[in-house]
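What follows is a short report on a single structure.
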Amino acid sequence: MKPIYITLGFLFLALGVIGVVLPLLPTTPFLLLATFFFMRGSERIHQWFSNTSLYQKHLESFVQTRSLKLSTKITTLGLASAMLITGFIFTPNMWGKALIVLVILFKYYYFIFRIGTVRNAAAEITPSSSLAPTPKKRSKMVDSRLLGLVEHSRKYIVLGVLVQWIGLLGSIAAVLSMAFVMQQAWEGQVTRKLILSMTVIVITAIAVRCLSNYAASMLSYRASVNAKKTLRSQIYGKLLKMGPAYTDHTSTSGVIQVAVEGVEQLETYFGRYMPQLFYSLLAPVTLFITLSFVSFKAAIILLICVPLIPVSIIVIMRMAKKLFRKYWGSYVNLGHSFLENVQGLTTLKMYGTDQDKHQEMNTAAEDFRKMTMKVLTMQLNSVAIMDLIAFGGAAAGVLVAVSEYSSGHIGLAGAIIIVLLSAEFFIPLRLLGSYFHIAMNGMAASDKIFQMLSTEDLIQGQESIENTDIRLEQVSFAYDERDTLRNIYMDIPQGSFVSIVGESGSGKSTVAGLIVGHHEGYRGSLTIGGKELTEISEGSRMRHMTWIGFNSYIFKGTVEANLKMGNEHADEQQMLEALRQVKLYDFILSEGGLEAELEEQGANLSGGQRQRLALARALLHDSRVYIFDEATSNIDSESEEGIMEVIHALAGQKTVILISHRLENVVQSDCIYVLQNGLVAESGTHHELLSQQGHYAEMYLSQHRVEQFVKGGAVYA
C-alpha cells in the first residue's frame, strides 16, 4: 500500500502546485491531502515535503496554529479574486455567475473570520505590569474565549442581529414602495388607491425599522450588562480562590483596573461590536439577493466592493493590536504608580522623596498622553480609509445605476432602488469599523483578564485547626527571588504572648503574613497544632486566626454593619461591650449609636478611632489567635494606650502575636524574637535580651533615650 500512498501523494502535490490559489478553501486541499498520503507512505518523503518552501509557505502555520501569514492571505485572496472575477466576466450563465459570487463570499468569510493571522512574536509588547498579557500567535476579529465566558449573552447577541435584519427588511420594503410609486408617477399612472396603499406600506416599514432599532439597543444593553456582570463575578471568584496571596501574582491597582475599567471597555465589544459583526455579514447578502432581481451587474459590483472594508479592518487590526497593548500597558503602569505613591505618601514625605516620585508620575503621565494621541491618530486615519471605501462603493453603485438606466437595461424604479440601497451595502461595515476601534481596547483589556483568570489557584488544604501551637522550622521565603526570611525558627505555644521586633525590612510582617496565609511558596516547615499550614483549610484559618494591620479597612455604612463583619450573629449588647473595651462607646453614642454612618475608609474618623473600631470588630470575631501587625503605628498616644490595654487583656486568654516598632509595647511578652536581615538574631524575654546587650538592647536603649528626650522637651516647652 505504501507505493500507492506515495503515488497519490505526488498526484495531489502536482494538483496542489496548480491549485495553490483555488478559491474553495483558504489553503489548498490538495497540499493537505498530499501531506496525509506522504505521512502514510514514507516518513522520509514526508520529512522532505515538510521542509519545502511550498509547505512552509502555505501549510505550516495553518497546520500548527490554524492561521496564516498576512502576506499569504493577501496574495491568495488577490489571485483567487482575480481568477474568479475573470471567470465571472466570461461566464454567460447567470447561475454560474451566482455560484462564483457565493465562492467569493465564502472565501472572504473564511479568510477573515475563520483563519487567524500569524503575528511577529518578536514585535509583541509586554508592558511592565504584573498582569501583562502573554504574546499570542494569532489575531482574530472574534475572540472565542470571551464568548465562552459569557454564554448567557449569546442569546441577546443573536436576537439583536435578528431584529436588525428585520429592520433592514423594513427599509428594503420602504425603498421598493417609494421606487414603485415614483415609477408610476413618471408614467402618469398614479391613483389615489395606489398612493394610499403605498403610504401605509412605507409608514409600516418605517415603524418596523424604528422598533427594530429600539429593540436592538435594548438587546445590546442586556448583552453588555450580562457580560460585565459575568466577567466581574468570575474575576471576584478567582480572587477568592487565589486567597490573600493574590498580591504575590498581581498588584491591587492591576486588579482594580482589570475589574473596573477593563470590564467596562468590553461593554462595546459585546453590546455593539459583536451584533454589528454578524449583522454586517447578513446585510450585504440580503441586499445582494434583493438587487439581483433588479440588476445582477450592479449587485455584483457592490458585493465585490464590500469585502474591502473587512480587509482594511484586518490590516488595521494587525497594527492596532500592538498599539493597544502598549496603550493599555501604559495605562496600567500609570495607575499602579499613582496608587502606590498615594498609599505611601506619608513615607515619601518622611524621607523627602516625594518630589522624585512626582517627577516619575509626570513622566508616566506624559508617556500615556503620547500613547493616547498615537491611538487617536491611528483611529482617525483608519476611519478616513473606511469612509473612502464606503463612499466610493456607494458612488460606484450610483454610476452603475445611471449606466444601466441609460442603456435601458433597468427602469426608473430599478435605478432608484440601486441608488437608495447602495449605501446600505456599506453602512453596516462602516459602523463595524467604528465599533472595532473601541472593541480593540476591550480586547487588549481582555488579555489581562484572561491572564488573571489563568493564574493558578491557591492549593487548599482540608485539615482543621485543633490547637494553636505555632512552630516555624528552617522557614525561608523570597519576594521576586530576593530572600526576605532565611532559615528562621520560632516556637509560639498556645495561649502565649509573643512579640516579633526588628528594623524595617527585617521580615517581621512577612512572618505574620506566612502564618495567616497571606503568602505562599515558603520553604521549610510551618505548622499549626502539628499540621503543616498548606494542609489546613482556608476556612479553618479564617475562623481561628485574626490579623489586624496598621491600616485596617473601614467600609462605608453603619457602625453596626462594620462590626457585624467580625461576627454576623453579634447582638447589640455584644457590639456595645466591644466598643467599651476599645474606649469608643461614648464617642459612638454621641454620633448616633450603632446606626451612625461611616464614610468610605472611615474618613469621618481619626486614625486612632479607625484602628480602635477595627479592633472592636476583631474582638467580636473571638478567634483563638490574634496577630497585631504594627496595629499601633501612626496613631495618637491615647489610642495606642487603649489598644495596648486590650492586647494585654487578650494575652491572658488567647494566643497573641505582636509586631511593633515601639519596643516599650513588647516588654511584657513571654518571648521576643528579634529579626535582623531575615534571620532570628536573638530571642528571649525582655530582661534576658537586655542582659545579653545585643541588637535588641541597642534598639531598646536608643528608643528609650529618644522618648525620654521628647518627654523632657514637652515638659520644658
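Numbering starts at 1 and runs along the chain as it is shown here.
Positions of Cβ are set from backbone N, Cα and C atoms, glycine also.
Annotation comment: TrEMBL describes 6-39, 95-113, 156-182, 194-212, 277-294, 300-320, 380-402, 408-427 as transmembrane segment. The feature domain 'ABC transmembrane type-1' is assigned by TrEMBL to 158-441. According to TrEMBL, the feature domain 'ABC transporter' maps to 470-702.
Nonlocal intrachain contacts for the transmembrane segment (380-402), taken as residues 6+ away from its ends with a CB within less than 8 angstroms of a stretch CB, comprise 295, 297-298, 301-302, 305-306, 308-309, 312-313, 316, 320, 410, 414-415, 418-419, 421-423, 425-427, 429-430, 433-434, 437. Mean pLDDT for the domain 'ABC transporter' (470-702) in the predicted structure: 87.
For the transmembrane segment (408-427), the list of distant contacts is 168, 171-172, 175-176, 178-180, 182-183, 186, 283-284, 287, 290-291, 294-295, 297-298, 302-303, 305-306, 309, 389-391, 393-394, 396-398, 400-402: same-chain residues at least six beyond its ends, Cβ to Cβ under 8 Å.
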